[in-house]
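Trainee: Features from TrEMBL:
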DOMAIN    4-242  domain 'DUF7702'
TRANSMEM  6-27  transmembrane segment
TRANSMEM  39-59  transmembrane segment
TRANSMEM  71-92  transmembrane segment
TRANSMEM  104-123  transmembrane segment
TRANSMEM  143-168  transmembrane segment
TRANSMEM  180-199  transmembrane segment
TRANSMEM  219-240  transmembrane segment
Amino acid sequence: MHLDNNGKLAIVQLIYYSPALIASILVTRKQGFSYAAGWHYLIVLSVLRIVGNILQIVAESQSTPNLELTITAATIAGVGLSPLTLATMGILRRINMRMTPEFVSLRVFRIMYIFPALAIVLLSARGSKISSLQASTRKTGLALLKAGAVLFLVTAVFLCFVSAAFLARKSRIRCEDRKLMSAVVGSLPFLVVRVLYSVFVEFNYDDQDSIFSPMAGDIWARVFMEALEEWVIVALYLVAGYASPRVEKS
């Protein structure tokens, strides 16, 4: 079995996300599934990463390249950014709900949840269109890619804005929630880089000479702007979730 650099990275991803899935389940169980803030999204992320990387390995293991499997793996990789942003939003929402009074309206959070959810729909719909031989259909798929990436970028800007606003009013954050706030603040630079990488990839999808090309791009750009970012964010949120007390839903 011959694997290229993407296939080798897929193996490393499996080694990371297999225990991360177990840890996510344990932390979510501790926090309570009904009031788990963002940790249940880490379960979703881990499952997506495991499935996507298995498909990547299977696609490369075949005697002839399987374009459909490769595109499916790439689609799952793009969709995986959604639970990462939703996890961040969920933790911020928990912090916000425990402020007296709430700093950000719950309605604002509900509206912002639509952006990553819609991005999932767009990125999922683009899969079959990208592989189409019809120019118009493929063009639609590329447009969906870019629209999904922009929605993630808007979500990241919102998360940065809310986090900055919370830090400006740090005294209103409950003591038991400050570990969570620190985890979010620590993760934001990595999340921004991860989102920007997604934007660069989607806007350079057909440029085989670009280091951000999903098929022929630089593996180290993917490692340091995609994989590493996700590993750090997941680790920060799992540690913060384990160290923070459970909060019962009132």
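Placement of Cβ uses the backbone N, Cα and C atoms for every residue, glycine included.
TrEMBL annotations: computationally assigned, not manually curated.
Have a look at these and tell me how they're positioned relative to everything else.
Mentor: Note on the transmembrane segment (104-123): residues 75, 78-79, 81-82, 85-86, 89, 92-93, 96-97, 144-145, 147-149, 151-152, 154-155, 158, 162, 165 of its chain, located 6 or more positions outside it, place their CB under 8 angstroms from a CB of the stretch.
If one looks beyond the transmembrane segment (180-199) by at least 6 residues along the same chain, the residues whose Cβ comes under 8 Å of a Cβ in the stretch are 37, 78, 81, 84-85, 88, 91-92, 94-95, 149-150, 152-153, 155-156, 159-160, 163, 166-167, 170, 173, 212, 221-222, 225-226, 228-230, 232-233, 236-237, 239-241, 244.
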Trainee: Express the predicted model's confidence over the domain 'DUF7702' (4-242) as a mean pLDDT, rounded to an integer.
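Mentor: That stretch averages a pLDDT of 88.
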